Every structure is written in structure tokens, then in C-alpha cells.
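Trainee: Dumping the structure here so I can ask a few things about it.
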Amino acid sequence: MCAIVGIINSKDAAKTAYYGLFSMQHRGQEASGISASNNHNIKTIKNRGLVTEVFNHDSFEVLKGEMAIGHNRYSTAGSDSVLDAQPVSAKYSLGQISIVHNGNLINKNEVRERLVEDGAIFQSNMDTENILHLIAKSKKEHLQDRIVEAVRQIIGAYCLLILSRSKMFVLRDPYGVRPLSLGRLKDGGYIVASETCAFDLVGATFIRDVKPGEMLIFEEGKSEFKSIQLFGQVDPRICAFEYIYFARPDSVIDGKNVYDIRKKLGETLAKKSNIKADFVVPVPDSGVPAALGYSQFSKIPFEMAIVRNHYVGRTFIEPTQEMRNLKVKLKLNPMSSVLNGKSVVVIDDSIVRGTTSKKIVELLRHAGVKEIHMKIAAPEIKHPCRYGIDTPSYAELISANMNVEEVRKFIGADSLEFLSIDELTSSLGNERKYSLVSFDGDYFIK
């Protein structure tokens, strides 16, 4: 789960890309980078850190031009190194090229082994670099044909932005697992971004979502773009976790408002609960909309009784368990003046490893809470995701190794309840399929 943004035919494109990345910082906090094309010359700045740490005023003296791509990194493949930051840029037989990628390629190792046997030299562990090498080694005359040839050799979930000296290519995998939207800027240029919240910040107007299996081709100085459907018809499967946790609540993903979906998930939890409690308390921030939905349906008062320090990043996407444990304590502080002696329903978006929930219960007990009823606005996560979520092994997933009662005892809550898969899909809307691989183990991309 990364953030990508592309700006096409717009003055100071890199600055607009910067603001787009800033609005999507929640999608990745390990590294950030921008490439810009000016006079058929591509410049790249990238480094470890947040968007505001990587770029300054001087950056945009380097990143000039009317076309730019940007990336915020959340590692699913590779390591936490500046070498694994994106964009990935290189010179090859047709000139300069720069690529950003959101997703995960499940045949990364097989493709890489084949490329190495053919003489390729890799600088990073990223699957994105595979795509760069596939394009570079192709014998096709035109870049568009090389890209098509490359993506037909990769398998997985991906959204790609590929910047050449005068064009930008936008691609979404055949199943549309990761979100990607197209918008129009006020000056007539275009923006492509992982989430529509980026459009709001830069004053862009939503046009449509990039279709699963579609490639858009933008050319410098031209107001129209081309659309090519690269793959045959399959049932799209947007990742359900985008609605549950990843996306910002003010984004609209494939036509569905994330905030409304999360409230609906909380309402669904409340419909099957008979718990009596003094308050409904969210785990901020991603648990807030579901807690509001639960409170409004159950008529139990809503209290923001856990205060979040917003200068600490999201714990789930921190790369090591030690860092996650420390950040829970730094990030969340229950208010004992509100909670002491009370019975509370605590709403969280999900339980992945269980360690965050355990720490939250410990903090609530220390604040004097009498009863803690944990309600989770998602099903049990029992399977690792191969399509862009940092859950690489069954050993890390608590619900893959314990039943609900065992998880309850581990985290220390008085009760624990999850949504069922049917309740989740009903809340999302049954008119389409979703990627539910973390819940049902259906690895539909093979």
C-alpha cells in the first residue's frame, strides 16, 4: 500500500505532486520521491522520510516542468532503504524513464531470476525495478509497446505511472485491486492519484476511476489522452481493506465514499450486539467513523476518550514489531477523567497481529475502565495478503493461530466480536466482488 500521484500538462507539476503526496501521507511514511520532466530531461529527488522532510523550496528549483510523478513508500517488498525509495529512474536505449508503483507482484522472484540470467543488474529489492528491466530489455521499437510487453509478464496487484521524456503512461491491473483515479486541474492539466483526497487539496475535479486493465497515455502539450484496454474482461476486485483501514475517510474509491462505508460497518456491528455500556469509544483515527455508526444505531453515547498524538505515525504500517509497540504508547492516551469506573464499547478497524489491541486494553485498564467490549469493524484476518499489505506470514496473524475466545484472552478484553465476511460484503455493497484474501484466503490472482 503506497501512494502514487501523476501530474500532466500543468505548470509547476512537481509542486502539485508534492501536495498530492502530502494529502496521501497516510499511505506510506518510510520514503517519498518525485520525478519531473522538463525539456525532455527527467530529474528525480527521493529519500527516506515524510514528504515534508524530503522536499524543500530548493527541491522545486530542480524539479521543473509540466509533467511529474510522485510516490510515498510503504514497504511490502524490499527494505527500508533509500535504494528502495521510488520513483525508480534510469537511462536506456530510448532515453530516460521513471516509474512509480503501488501494489505487489507475486511473480517477482521468478521474473527477477530470469532477468539476472539475461545479465540484468539490480540496485534494489523492489519489484518495481523488475518492470524497469523488462521495459529496457524489450526489443520493441516504441515505449508503449515495450510497456505492454512488460505488463503481460508480471502477475499481481499494481497501479503504475511511467514517465518518459514527453509522455506519461498510467496502468491499473486487470482486477483493479488498488485504487487509482483521474481528475482535471484548474489550469486544464490532469492529475492521477491513488485517492481522491489528493484532488481536494489541489482543487482538481474528479473525472473517473482508471478502469481495471486500462492504460491511459498522456502526451506533453496535448489536452486529449488515449485509453487502451490491455486485458480481457474479468470481475474487478477492489481491496476491501482500502475501505476498512487504508484510505482516508474523505476519499471516494470506485464510486464509494470511505467515510460512509466505515459508518455502515459500525452500524452493522451494533445491529448484532446487545452489550450495555456507558460509552462507545473509537480507537483513533481509523476507528472513528465506525464508532459513530455504532453509537448512532445503538443510542450509546459517543466519547472521544482516547486521545491520539498526531505527530506519531500509523502503527500498522511500521516495519518492525518493536517500533509498533513503542508507537502505540506514544500515540494513544486514554482519558481517565472520562473513563474511570465506566463500561465501554471500543471500536477498532481491524486486528492484525493483536499487539496494538493488547496495548490499548492495558492502557484502558490503567485508566480505570471497568469493562472493555472490543468490537472490530472487519472479519478476522486469517491469511497473509500477497497484493500489497504488510502481512507476509501466517505466524504474524493472530486470528490465523487463535480462535476468537483465545484472541479475547490474549488482548485482555471482557468481550470481543468481529464482523462476518457476509456482513462486511453486505455493508460494502453486494453489487460487485471484492478482494477479501486476508479474510477468506481466496488468492484469485495466480
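Heads up, the Cβ atoms here are built off N, Cα and C, so glycines get one too.
Whatever TrEMBL says is automated annotation, not expert-curated.
Pasting the feature list from TrEMBL:
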ACT_SITE  C2  active site, nucleophile
DOMAIN    2-221  domain 'Glutamine amidotransferase type-2'
BINDING   S286, D348, D349  Mg(2+) binding site
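Give me the local environment of each listed feature.
Mentor: Close to C2 (active site, nucleophile) in the fold, though at least 6 residues off in sequence, lie R27, G28, H71, N72, R73, Y74, Q86, V100, H101, N102, G103, S194, G388, each with a CB less than 8 Å from its CB. C2 (active site, nucleophile) falls outside any helix or strand according to DSSP and counts as coil.
Listed in sequence order, I244, Y245, R262, V283, S286, G287, A290, I376, A377, A378 are the same-chain residues at least 6 apart in sequence whose CB falls under 8 Å from the CB of D349 (Mg(2+) binding site).
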Trainee: Cβ-Cβ under 8 Å from D348 (Mg(2+) binding site), same chain, 6 or more residues apart: which ones?
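Mentor: Expected: P282, V283, S286, G287, S357, I360, M374, K375, I376, A377.
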Trainee: Given the Mg(2+) site residues S286, D348, D349, which other residues of that chain have a Cβ within 8 Å of the mean position of their Cβ atoms, reported in sequence order?
Mentor: I244, Y245, P282, V283, G287, A290, I347, S350, I376, A377, A378
